[in-house]
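A.B. asks: Right, I'll just put the structure down here and ask away after.
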Amino acid sequence: MLPSDVKQIKINLPVIRQYVDYLVNEQNVKNVFVNGTTGEGLSLSIQERKQLAEEWVCQGKDKLDHVIIHVGALNLPECQELARHAAAIGAGGIAVIAPFFFKPTNKDELVAFLQKVALEAPEVPFYYYHIPPLTGVKIRVEELLDGIKAQIPTFQGVKFSDTDLLDLAQCINKNETGEFEFLYGVDEQLLGALAIGANGAVGSTYNYLGRQTNLMLQAFAKPDFALAQQYQFLTGEFLSFVIKLGFGVAQTKAVMTFVSGIPMGPPRLPLVGASSEFIAKAKAKLDSIVWPNGN
């Protein structure tokens, strides 16, 4: 039997409106990726994922530029159901991870799976969510891109959450016409990915360091590489500190909570909440960082 406090963990739909306003007004973040890793999408029921998607699309109307819904699951029917739902509620895009129990072993198997999902939302931009550290599916994205548009006409790009910058570089090199988007997902290496040609980012730190990351992007675009480096190095300094303490989704929620003042709630089992010791140390470290120009 589960403890009573565990049984009562439910999604908190009413807080999303406040969360949207915080991201837009305080962090200058106007695009969101819903039901992904940080959102514990794979720990939620299908109905909960639908409710969250609906609320984000509803509350983000006229405030957010894009709401991308992650619809990946371990089985094809659930992915398809979530894709149809995302299309019906007006999502700006859908994304899918590779199944990670019974895994695709080559490009053709993976593309066949992704294609079956994309067909259920034929008018919605489609992204492949590449995150081999969690899925164990290490099919190179460079290989995946060959002929992808013919098989998945709605293919828009990749959420690239891997440290293999060689693979990313080869993808961008192939993207001569600029038709695909490469959204980088390893926050502490974003500047390196930008230098290679990544044209966007999706990451957990942007919930609480979005403003600083946007300033880094502005510095990179100027270009003022020295200033961009300062922002990246300071982000890395914080992440290096908390990683040594033990940093995962639960700890990320704790940081998001003390920075924003919005209760992000506890994680779901098998994850357990951040300790009070972690919260105190992480808060002290973040407070000690002096960002360029006092930002």
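From the backbone N, Cα and C atoms, a Cβ is placed for every residue, glycine too.
So TrEMBL has the following annotated:
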type	residues	note
BINDING	Thr38, Val202	pyruvate binding site
ACT_SITE	Tyr129	active site, proton donor/acceptor
ACT_SITE	Lys159	active site, schiff-base intermediate with substrate
A.B. asks: Provide the number of Cβ atoms within 10 Å of the Cβ of Lys159 (active site, schiff-base intermediate with substrate), excluding the reference atom itself.
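C.D. replies: Neighbour count, Cβ to Cβ under the 10 Å cut-off: 27.
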A.B. asks: Taking the Cβ of Val202 (pyruvate binding site) as the reference point, list residues of the same chain whose Cβ is under 8 angstroms away and which are at least six residues distant in sequence.
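C.D. replies: Spatial neighbours, sequence-distant, of Val202 (pyruvate binding site): Phe33, Gly36, Ile68, Lys159, Ser161, Leu183, Tyr184, Gly185.
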A.B. asks: Enter the number of other CB atoms within 10 angstroms of the CB of the residue listed as 'active site, proton donor/acceptor'.
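C.D. replies: If we count other Cβ atoms within 10 Å of the residue listed as 'active site, proton donor/acceptor', we arrive at 26.
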A.B. asks: Neighbour count, 10 Å Cβ-Cβ cut-off, for Thr38 (pyruvate binding site): what number do you get?
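C.D. replies: Its Cβ has 19 other Cβ atoms within 10 Å.
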A.B. asks: State the Cα to Cα distance, in Å, between Tyr129 (active site, proton donor/acceptor) and Thr38 (pyruvate binding site), rounded to an integer.
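C.D. replies: With distance taken Cα to Cα, Thr38 (pyruvate binding site) is 13 Å from Tyr129 (active site, proton donor/acceptor).
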